[in-house]
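Per TrEMBL, the features are:
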REGION    1-47  region 'Disordered'
COMPBIAS  13-29  compositional bias 'Basic and acidic residues'
DOMAIN    32-420  domain 'Catalase core'
BINDING   Arg76, Arg116, Phe165, Arg362, Tyr366, Arg373  heme binding site
ACT_SITE  His79  active site
ACT_SITE  Asn152  active site
Amino acid sequence: MQKDPNQKGTFSSKKDEQLEQFRVEHEGAKLTTNQGLPVSEDEHSLKAGERGPTLMEDFHFREKMTHFDHERIPERVVHARGFGAHGYFQVYEPMAEYTKAKFLQDPSVKTPVFVRFSTVAGSRGSADSVRDVRGFATKFYTEEGVYDLVGNNIPIFFIQDAIKFPDLVHSFKPEPHNEMPQASTAHDTFWDFVANNTESAHMIMWNMSDRAIPRSYRMMEGFGVHTFRFINEQGKARFVKFHWKPVLGVHSFVWDEAHELAGRDPDFHRRDLWEAIEMGDYPEFELGVQIIEEEGEFKFDFDILDPTKIWPEEMVPVKLIGKMTLNRNQDNVFAETEQAAFHPGHVVPGIDFSNDPLLQGRLFSYTDTQLIRLGGPNFHQIPINRSVSPVRNHQRDGYHQMNIDKGKVSYHKNGLRGNHPHPVPEEQGGYAHYQEKVEGRKVRQRSDSFEDHYSQAKLFWNSMTDVEKQHIVEAFHFELGKVQDKNIRQQVVNVFANVDELLAARIAAGIGAEVPKDIKASTVTLSSPAVSQEQNKIKSAATRKVGILAADGYDDSTIEPIMQAFKQAGVHAEVISGHLGMITSVNGEQQEVKHSFLTAESVLFDALYVACGEKSVEQLKKNNKAVEFLKDAFKHFKTIGAAGKGAELLITAGIQAGSDPGIVINKDKSDWDTFGTSFINAIAEHRHWERQVQ
Ligand code: HDE
């Protein structure tokens, strides 16, 4: 991870300048009404007598209350819970061979971006850590207009045709009769949908995998999902799929931890993103493209228009073409995250669509949803949505019109204003749709090439390590275990028997279902190691958080050197103790306590460390919460370190201080270099699966 502290706040873009016009400072300001009238009193409504009724005349009270009554707008139907950040994108080298998109040509140009990460199923106040797909929507403010790459952290989707989207969403949302469960697919209607719509099989495999419980928005991939087109200056088109690769690698929670976090810190992901940016650990994602020549369209045993299929990276390599850095937190979540309006149809010259029937339907849906959510057709004028290139056309009026369009002409063609604003020919930058030849009967049908629902589900299963397979099976057990209708459970096992016999047997064993007879499981033996998190793990401890357990009487010589080692590795450490304030070491030094055992939980940290000190360790041993901290970290396969007597706390927690994997002890309290290196290397492993009981 490259860090440049000088960068913070110094990237000032055209978008920043534009936003500056709308930022409102309140420091030193006088209180006014919305009409600018200074207000003399804001504690009491206007009454007829001290104990009398409130008067209608009180315009200040009515204005204040009316505005409050209208503070909320409808949340997004899907992806309601999200969080955004600003940053910039830079291309590595000119992409002219493939696309004429201007923001993909000049490596010295920093294109401003705003990214909104989200969950899909839960409502706006739901927990961050739930098992779900994550949205990864990026708005590029290019010189040619706004380009939105509205993707997810899983490269495929549940359905093949947009017409099924309302059905899918109705099935995974809380059940309508009792509005349960919140933000979870672990219920009857969703799995009934899966059992009856087998095109979802591949997506379900990803959804049951650790991809659906990312450790951080900073540590997940992003995918455009659909097949798009790149068009170059010569008009040559190629099929393209977009990828975001996080520089920190892809990492996940363990399922039990995700559950605990939903209660302990429902804001975990937004806090993690916010704090990382505040601390200068700017999240970075490389943009990758997979490219298939137009002539190669039918070269594969899957249809490249089918959004339930990946293009295995081993067949079509991902070319990394640039990097996005998120380096500024938003000023106001409502104004920016909540009012951001993304749309896969916001494109720039050089980027075009394919006939993927899911994408085609999305091109309609996103404007439509903004009309109701943002209250009219002028949502593009909201600061976060504004293009940095000028917007000039003959559209007028509508709710919340912010422009004062001058002159009497608002039509094309016109003679009164020399036909301005006028269309721009393609050669001069006007957008012209790719002239794909299309022919066919009007049919409500899907191509036969979309019929194979199981081969890539099997490919995914084949690509998983044993630990990843175990997690998938456990996720099926949990989700289907929550399904009340036993027939649905059985039907789902029957569906996955088409993928893999052993998978079906393992699912069935945990949910009281039968393995169906006459299994005709997919015979695919290929795997795609690129889809496995474990096989592509980036081992880095940078930006991770370690909790240091200590109490009064700690041995400072076992905290200072490890803090130094953490600092060098970009690891953040925070002291946790029985009370807030300061703790004092045996020698009278002091450490500030960041969290008490009441305000923090083990799940909030990537690793734990127990300092030495007779008195300190004795106190911690008597504190159940401190012992629970260690047990939880151990259960969640995290690294635990200790110095000297600190190791005794591990033994109290039932941890084999000498032999358990991921447990690093500095018994003699010496050679901090070696200890620091092994501790940090152990954190960089992320999890110690050797502890997993199969
Ligand atoms: Fe969306 N989707 N979607 N979606 N989607 C929305 O738009 C829709 C799909 C995605 O942070 C909505 O503004 C249809 C795939 C993200 O604001 C809505 C179909 C992918 C976000 C909508 C899909 C996505 C949305 C809800 C099937 C990954 C959040 C509010 C044809 C490539 C964007 C809104 C943000 C949001 C419709 C399928 C990604 C209703 C009809 C596939 C990241 O318009």
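The backbone N, Cα and C atoms fix where each Cβ goes, and this holds for glycine too.
All features noted in TrEMBL, drawn onto the structure.
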residue: Arg76; record: heme binding site; DSSP class: coil
residue: Arg116; record: heme binding site; DSSP class: strand
residue: Asn152; record: active site; DSSP class: strand
residue: Phe165; record: heme binding site; DSSP class: helix
residue: Arg362; record: heme binding site; DSSP class: helix
residue: Arg373; record: heme binding site; DSSP class: helix
Tertiary neighbours of Asn152 (active site) (same chain, Cβ under 8 Å, six or more apart): Val120, Val133, Arg134, Gly135, Phe136, Gly222, Phe223, Val225
Maximal Cα-Cα distance (Å) across residues annotated as binding heme, namely Arg76, Arg116, Phe165, Arg362, Tyr366, Arg373: 21
Neighbour-count leader, CB within 10 A, binding-site residues: Arg362, Arg373: Arg362
List of residues, in chain order, with Cβ under 8 A from that of Arg76 (heme binding site) and at least 6 apart: Gly82, Ser118, Arg124, Thr369, Arg373
Tertiary neighbours of Arg116 (heme binding site) (same chain, Cβ under 8 Å, six or more apart): Gly82, Phe83, Gly84, Gly135, Ala137, Lys139, Thr337, Ala340, Phe342
Pairwise Cα distance for Phe165 (heme binding site)/His79 (active site) [Å, integer]: 14
Rounded to the nearest Å - Cα separation of Tyr366 (heme binding site) and His79 (active site): 12
Number of helical, extended and coil residues in the compositional bias 'Basic and acidic residues' (13-29), per DSSP: 7 helix, 0 strand, 10 coil
Neighbouring C-beta atoms (10 Å sphere around the C-beta of Tyr366 (heme binding site)): 16
Pairwise CA distance, His79 (active site) versus Arg362 (heme binding site), rounded so that it is a whole Å: 14
Around the Cβ of Phe165 (heme binding site), the count of other Cβ atoms that are within 10 Å: 18
Other CB atoms within 10 A, centred on His79 (active site): 23
Per-region confidence, the domain 'Catalase core' (32-420) (mean pLDDT, whole number): 98
